[in-house]
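A.B. asks: Sharing a structure, written as structure tokens. Questions coming.
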Amino acid sequence: MTDASFAPSASAEFVRGLPKAELHMHIEGSLEPELMFELAQRNGITLPFASVEEIRAAYDFSNLQDFLDIYYQGAGVLITEADFKDLALAYFQRLAADGGAHAEIFFDPQTHTDRGIAFDTVMNGLLAGMDEAEKTLGVTSKLILCFLRHLSEEAAFETLEQAKPWLAKLAGVGLDSSEVGHPPAKFARVLQASRDLGLKVVAHAGEEGPPAYVWEAIDLVKVDRIDHGNRALEDEALTARLVKDGITLTVCPLSNLKLCGVPSLDVHPLKRMLDLGLKATVNSDDPAYFGGYLLENYLATADAVGLTRDDIVTLAKNSFAGSFLTDAEKAQRIAAVEAYAAAH
């Protein structure tokens, strides 16, 4: 295996076949316009769009608030267990086509329970999709419940209470939604309560929020992973700490570009993260809205920042090493990455 960059055509074939995991993907953010339209018709919901093309045009936003508006509007078509199953299965089919072997998907129960959908409906539907994906596609998955940080700590505790009958089916909890003004400290108690129940803890930090939020996430909340983490690079001591502790960063390049976290992909910090020894991974975040699933994120970023073959293999290995699989499963998956790289 050489450390030379390679032609985009060769890299696409190589990266598609490379075993890899996705650790940062919001299932509600994988709702494609076609499925939104189909579910609206199925459930008798009137959308402010006359066609799939009009929905797709609405997906062309340029800021976080416009994205959140269409995101929550889209979630409103998810009503039944079958809807959530279809949503999950559609994502896993795309992941499998991209060479994804494992995913740890986020879901936002408050987005659904606040509009009268039962927590159990969401869980039953998503789990059915996950089970079918494993049986028919060979893709394994885990589920991470996210608390919406623009809502209250009290609301998060209510959601955790609703989740208690489902603990065996949940790998962890996370924090998502509007970051600025809602530091990890706001949810420190509910995240500790979640950890006490045996759940892993992750948090979005350092996407729009300052490095101080990343410090809070690792020192106060004691997260198992940082979701995004780009702005950690502004603080040398924080970067050194993340390297020393080997904390995985679930980086989302095309999301950063779409939401103007970077002005262009060629200045994205992913390559610098790897060069500094950070445990960075590549992920799609909200792929239906941000212009690309897992493979597109790998290929677009590799081309823009000059990732080498070894960089790409490292990213794939990091994705399994940073997962919530067992140590034995991680070792098996990483060995599969190494075997593939050696054979190709």
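Glycine residues also receive a Cβ, built from the backbone N, Cα and C atoms like all the rest.
Keep in mind that this is a model prediction, so the values were computed, not measured.
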A.B. asks: Write down the one residue from H102, H204, H344 that Swiss-Prot lists together with H24, H26, D285 as binding Zn(2+).
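C.D. replies: Site partner of H24, H26, D285 for Zn(2+), according to Swiss-Prot: H204.
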A.B. asks: For the C-alpha pair, I'd like the distance in angstrom between H24 (Zn(2+) binding site) and D286 (substrate binding site), rounded off.
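C.D. replies: D286 (substrate binding site) has its Cα 9 Å from the Cα of H24 (Zn(2+) binding site).
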A.B. asks: When you average the Cβ positions of H24, H26, H204, D285 for the Zn(2+) site, which other residues in that chain have a Cβ within 8 Å of that mean position?
C.D. replies: M25, G29, F106, D176, D227, H228, T250, C252, S255, N283, D286
A.B. asks: Rounded to an integer, what is the Cα-Cα distance in Å between E207 (active site, proton donor) and H228 (site 'Important for catalytic activity')?
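C.D. replies: With distance taken Cα to Cα, H228 (site 'Important for catalytic activity') is 5 Å from E207 (active site, proton donor).
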A.B. asks: Do any of H26, H204, H228 (recorded positions) have a CA within 10 A of D286 (substrate binding site), and if so which?
C.D. replies: H26
